[in-house]
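Annotated features, as they stand in TrEMBL:
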type     : residues                                                               : note
BINDING  : VAL10, VAL11, ASP12, GLY38, LYS39, GLY40, ALA41, ASN42, ASP232         : substrate binding site
DOMAIN   : 20-275                                                                 : domain 'Carbohydrate kinase PfkB'
BINDING  : ASN182, THR200, GLN201, GLY202, ALA203, ALA204, GLY205, GLY231, ASP232 : ATP binding site
BINDING  : ASP226, THR228, THR264, ARG267, GLY269                                 : K(+) binding site
ACT_SITE : ASP232                                                                 : active site, proton acceptor
Amino acid sequence: MRVYVAGNIVVDETWSIHELPQKGASIHGVKISQDIGGKGANQAIVISRCGIETQLIAATGDDINGQWIRNCMHNETLMLLPENNIAEHSDTSIIFTSDDGDNAIITTMAAANALTLDIILAHLADASAGDILLQQGNFSVEKTRALFSWAKNHGLITVFNPSPVNPDFADLWPLVDIAVVNQHEAELLQPAGIATLVITQGAAGAELITDSQHHFCPATPVQSVDSTGAGDTFLAVLLASALLRGVTPDALALQHASAAAAITVSRTGTFKAFPTEEELCALLAVGL
Ligand code: ATP
């Protein structure tokens, strides 16, 4: 059993500035960090650190950032496909944080958009029935739909985390087996008819709804430092916990996901905040 994550991988650059610039302004700032990001990459990294065979199908550009991303990924156990860079700039998120705690984010999507359906399908060719296709909201509705349709036709289990949210994603629910949404996404997209639905509720916890169970798991209490990446950690460990036990996401998977997300919340950054392989191995052994 293998997890295929079709999504994006980006360079997150965080800049500290005094205040968000007005139109026409020229200001000074300090670059405070550069990290791997993108919801596809985040989720694939954490799933693979749980010991699941994971292929991340995500585009890197033919620039210095593309090389930097690939160097960072050498330390991870996942396989990043395609193996070659795409003739675009690598996708980047520039995150401006101002003194008053506000922020503004600019994200490019050229590389993710250049990853055509044909390229992605070529990398799914060795997938077989029972494997997982996980997608987030960084592709167009058409591409996301086409990939889920293909997956359903080939007996794969489809998992959707529709973030960033697009109202048109609501049409895709009939193609989804497992959905993980936050409260905002749930309100906008009204997921219905999903065999396994998980609604995360930030610091409050998360709810699991299936035909046979309705379970709430409170968040694991922790000193919150930076909640970025909590949702990605939660989804990845929820899925991994269930897959490692050969079940669909259940109450124990929620507990494992909550404990892992609490680790991410207790540290600054995203990639740097994710639980390590050792932490995940220990956490996933609880309750077995
Ligand atoms: P993201 O900010 O990564 O996009 P999200 O909106 O997808 O997150 P949330 O509902 O904010 O997802 O959080 C996912 C899970 O992370 C929660 O269900 C909870 O288990 C955990 N979590 C989030 N915030 C906290 C917190 N302050 N303390 C402990 N756990 C938290």
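Placed from the backbone N, Cα and C atoms, the Cβ positions cover glycine too.
Bear in mind that TrEMBL entries carry predicted annotations, made automatically and left uncurated.
Here the features listed in TrEMBL are placed on the structure.
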| residue | record | CB count, 10 Å |
| --- | --- | --- |
| VAL10 | substrate binding site | 27 |
| ALA41 | substrate binding site | 29 |
| ASN182 | ATP binding site | 20 |
| GLN201 | ATP binding site | 15 |
| GLY205 | ATP binding site | 16 |
| ASP226 | K(+) binding site | 15 |
| THR228 | K(+) binding site | 21 |
| ASP232 | substrate binding site | 29 |
| ARG267 | K(+) binding site | 16 |
| GLY269 | K(+) binding site | 18 |
Quick one: Cα separation, ARG267 (K(+) binding site) versus ALA203 (ATP binding site), in Å?
15
Which of the three DSSP-derived classes (helix, strand, coil) applies to ALA41 (substrate binding site)?
helix
Measuring CA to CA, name the entry from the binding-site residues ASN182, ASP226, GLY269 that ends up nearest ALA41 (substrate binding site).
GLY269
Any idea what the model's mean pLDDT is for the domain 'Carbohydrate kinase PfkB' (20-275)?
96
Whole number in angstrom, please: the longest C-alpha to C-alpha distance across VAL10, VAL11, ASP12, GLY38, LYS39, GLY40, ALA41, ASN42, ASP232 for substrate.
16
If you measure between the CA atoms of GLY205 (ATP binding site) and ASP232 (substrate binding site) and round to the nearest Å, you get 14
Under DSSP, is GLY269 (K(+) binding site) helix, strand or coil?
coil
Using DSSP with the three-state reduction, classify ASP226 (K(+) binding site) as helix, strand or coil.
coil
Pairwise Cα distance for ALA203 (ATP binding site)/ASP226 (K(+) binding site) [Å, integer]:
12
Taking the mean position of the Cβ atoms of ASP226, THR228, THR264, ARG267, GLY269 as the K(+) site, which residues outside that list, in the same chain, have a Cβ no more than 8 Å away, listed in sequence order?
VAL225, SER227, GLY229, ALA230, VAL265, SER266, THR268, THR270, LYS272, ALA273
The binding-site residues listed are ASP12, LYS39, ASP232, GLY269; by CA-CA distance, the one closest to ASN182 (ATP binding site) is ASP232
Give me the CA-CA distance between GLN201 (ATP binding site) and ASP12 (substrate binding site), in Å, as a whole number.
25
